[in-house]
Amino acid sequence: MAKKKIHATPSPPEADASYPLPSVNAAMIVAVVAFSVYVKSICPTIAGGDAGELVAEGCQLGTSHPPGYPLFTIITYALKEAFGEYGRPAFIMNCFSAICGSVQAGLVAFITMLLMPKLEAPAKAAIGLACGLGSAFSPLAWQYHVTAEVFALNNLLVASITLCLTMYAARRADRWMYLGAFLCGVGLTNQHTCILLEVPAILYMIYAGDLIKQTGKLGICAGCFLVGFSSYATMPVFAVLYPHRGSWGDVTTLSGLVKHFRRADYGSLQLYSGDASTAEGLDERIGAYFFDFATDQGGFLMFCGVVVTMVGVGLRLLTKNTKSKSKRNSPQPPDAIAATADHVLSLLLSCWLFYLVVFHSLANLPLHNKLLFGVHQRFWMQPNIFAFMFAGVGLGKSYSYICTSVVPKFKSVNLVVLVAILFGSLAIAFQKNYARVDQSDNYYFDYYAKSIVENLPPNSLLVINYDQQWTSVRYLMECEGLRPDVVAVNLSMMSFLWWESKKLVYDGFVEFPGTHYAKKGSVGQTVFNGFTFEDLLEANIDRFPGGVYLGGKLNFNEEEHKAKFDDIPWGMTTRWIKKGEGDGLENVRLWSEQNRRILGNIGKTFETVPNLDKWGMDTWEWTVHRELFDHLADSNSYYLDLVVGEIGEQMEPQEKLDALVEITAIYEMILKYDVFNNDKDFGLYKNLGLAYMHMVRSDNTLEFRRREGLFLIEGMDIFDDLGENFPSKLAKDYKDYASLRWGEVWKQFLAMEGSENDGSYATVKTLIERIFGA
């Protein structure tokens, strides 16, 4: 008599393999630990990049730059309204990013453990925790999980879609397909690179679910996707109900909305709208990604895990002789994940490779530019989510092999070694990265924006054509109400034809003498009735009692306006005045006093400057350092030209010497502290030598006088801090010291690369040879 088969008792719901308790616990631990660290390292205000503009538009329900980011806008507005009394809008959104990043890290741990169903629980938990925390504390993700950008939310949505894809591939449960479709729609309203996961995921679900034949399910999926995508419908509504200055594009029409969505202003399917002729090729970009993961984001151990996974999947596909005959549509038993882990892993690996190939085929940023490399690098966070999962699987496979084939008798020892290696590597990486990505003292863009806006006279027009200036200034003006009397307008926005639709919100404030900003003689000006910068100045110079100021540079190589207008340095901006208004000794004295006051204010605003050991050239904060010293050098050069020219001849001798002392002191400070430019800017050495030469030529009876507290940062006084350059003991013999420095800096000028192309090179060389015999 045949034995009767005994059927196993179905698992209770709480033990369902879809939600294994150890995996859930590991995910929660990772999320809590990550958030605890993020809170301690979070940026207290607005950071660089697009953060300022994104939060500013959220504060006013406006339209951000293409593709618009409606989901982020709505979330920002909702959180500002709900928690605005507890902190600054930027800080609130920084905390939101920290929450998103923490949950994403937890999901990485969860999915990683799901992909290792046969691995023993302690080892699985250790690897899952390590991969989740590794993802959380990789420097790139960490940086953007403590600042208000769209990347943290995108990482969360990508991890969530990946979870749905994983569960559907294993279980064929329709709820995961519908949830995944909804999240795919949501993902596209936040970050468009999400589509590089969605395309292979959607194609897989259509195939695996046989949705071509099951049109009812296909319709439900389409409906779920559209519901998730529906926040784009709010953009034209908000644009009509809440029009305000500074929002991007004309999204009040269907064509305008579609144009904005597909980023037509930048060039659809492109990251960079500038000159991409020197951009690297596909192989170099992908190689840069793997190198970055192996040496920085993941580390060697995680990279080895990825390699093991890739090799394992590749060998399995090559040696597979028979195909699975299981029905694609049949419900799967609770242990389906164990049965189909390899299938799911192959699917996720395909999604990862699809992203790497397609993204790097379209990305056109020149990676040899460190700042643009940093911009490009941000888009590696999405594939890194998969890389950490694959690293976990590879480490799990390696551990299993060691336990079964290498040292099978010492499993406990193997586990201890595994834990030590995993968390030892993690601790080393954490220690190395914490100081590097800690944003808790990052007030630099707050300082930067305030130093610009607070030093403008009342009722001024600020024309901005520099992204970092625009985003930071816009945040403080829109979200925190800084200087409502100042009108800020973006010059680059004016260059688009849709600018005509924006003119109404500036009515009564700014006069735009045409449809949009265009180059003189171009089709935009002659055919579409555009206006030049000269036209803009003529129309507004008398409308703003405080004056018209420019931040950044003009779009086009324009010179026509200089026949009617002069530009003078004004702190971190340039002021435009009518031709001749700044001429004469009295006007120069007035400007020098104003400039001294502005520089003093800037020095007080900047409690500290970015530490260049931490904020390298691939960070936005580095640009603040550059801007500060560039404008300091520009105003100093402007003053030097006046003092050694006709204006200087009208000055009293003592007044001229005082001016030269001030000029040389500021140049010396730039040489000492602007470490990125002090060995490249040969014009700086030429001008400093020129100032010293005129000091040497001054009357012997004049007094060397210090001007205390001219420009203070970190308690630094230009004169006292530069002890080696302005020692007190030489104050009485300043001409000897000036002569010494004159020879030193001009010799350095002559030795610098490129200085031979300077128009003054021959003259400087002749003087040095004649006076100093060199």
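Here, residue 1 is simply the first one shown, and the rest follow in order.
Backbone N, Cα and C define each Cβ position, glycine as well.
Copied over from TrEMBL:
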type	residues	note
TRANSMEM	90-113	transmembrane segment
TRANSMEM	125-144	transmembrane segment
TRANSMEM	151-170	transmembrane segment
TRANSMEM	176-206	transmembrane segment
TRANSMEM	218-242	transmembrane segment
TRANSMEM	299-318	transmembrane segment
TRANSMEM	339-359	transmembrane segment
TRANSMEM	379-400	transmembrane segment
TRANSMEM	412-430	transmembrane segment
Point to revise | Contact yes or no, the transmembrane segment (125-144) and the transmembrane segment (379-400), 3+ Cβ pairs under 8 Å, gap 6+ | key: yes
**Study point:** Best-contacting stretch, by C-beta pairs under 8 Å, relative to the transmembrane segment (299-318) and drawn from 151-170, 339-359, 379-400
**Key:** 379-400
Practice item. State the residues, same chain only, that lie 6 or more residues beyond the ends of the transmembrane segment (379-400) and have a CB under 8 A from a CB inside it; answer 'none' if no residue qualifies. Key: 104, 108, 111-113, 115-116, 118-119, 123-124, 127-128, 130-132, 134-135, 138, 140-141, 144, 151, 154-155, 158-159, 162, 193-194, 196-197, 271, 289, 292-293, 297-298, 301-310, 312, 345, 348-349, 351-352, 355-356, 359, 363, 414, 418, 422
Check your understanding: Okay, the transmembrane segment (90-113) and the transmembrane segment (339-359): do they have at least three CB pairs under 8 Å, pairs separated by 6 or more?
Key -> no
Review point. Which sequence positions outside the transmembrane segment (218-242), separated from its termini by at least 6 residues, show Cβ-Cβ distances below 8 Å to it?
Key: 60-63, 68, 70-71, 73-74, 177-179, 181-189, 205-206, 211-212, 250-253, 257, 260-261
